[in-house]
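What follows is one structure encoded as structure tokens, with my remarks underneath.
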């Protein structure tokens, strides 16, 4: 009997570790020896993988924490790269976190990658000791993005910022032409931004700040919108400003999310962006010629019966709520392993028990010895669910004043007013 119990325990442990194993798969491009990148390692790995698929160049990112006087960060980084990638084309970025606020930084190119790296910003100038880890890895992403522009021999696009490297140069050019047409026709700025890292910010703050800090927007109201696609947590967010707040209500942003989601799920990002630009123009034309599209004015829009959970703003300054770090994933895996293991154990242990329960006690009661003399029903509680009936009254109010009430707004860190909403895919 004891031997069988031991077997059950071993089976449970095996299931647990089998479930956890995929989480700790070894990274190919990220070597976080200092354990500083933590949950960001996966995003950095995605950044490097995307870059390699586009340009066949390795991007290797290394962290160490070594305060020995004879330690040479450059020698260590070069040796690590050559041991794993030989002399193939690539770049290694290494950071030594042991020197307090004065981080040791090193980057070097191998093979043909050297001709591109020389024109990129130097890590020493870009990364300072005051940067948090989230800022450091985001700045590494900026360097990698700059390198992609040099390889493609193109000037950075103002309205398509593909830091995640999920579009090729031809797709970027085609989208840029479509966006330029929308801007000219609708007098509203349109921006698409992709990223693998959010610079330590929530999607709301990241989108708002990027729009404000890069001086997007047309007219005095800074009218326009930006679509941010983040591969850090597979999220999208649309931030609106100026006239775009009126044009794209909460319902309108939710609708755009429904339009894009099938393509986002299929990782067909170009198609998702193309749909976004197309419907952006459609919403603008509708707002100029008639009332903006809304829940009560859907016009000729295709009916999309898809439930989409959309977050419209984040007023607090807490950490991003959608961040799913490795600790949470481990807990989920442990729970899954335990549940599966115990189910199997109980099934097998049940076979050892020859006793069987009966559905009622009649078999244990002497025949004709039980008589029911009194019974009654006891009322416990009731549940009433109330739902407000949607009302829409057109009392000749202006289109702008009505649709402002259907767009959630908030203040960005710069103090400007933004609308917006987003979701996951």
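Every residue number used here counts from 1 along the chain in the order it is shown.
Just so it is clear, glycine is given a Cβ too, placed from its N, Cα and C backbone atoms.
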TODO: Can you dig out which of the ranges 330-347, 348-365, 366-383 TrEMBL describes as transmembrane segment?
DONE: 330-347
- [ ] Quick one: sort out which of 278-314, 389-425 is the region 'Disordered' according to TrEMBL.
- [x] 389-425
Task: Mean per-residue pLDDT computed across the domain 'TPM' (160-278) - done: 97
Task: Composition by DSSP (helix, strand, coil) of residues within the domain 'TPM' (160-278) - done: 60 helix, 26 strand, 33 coil
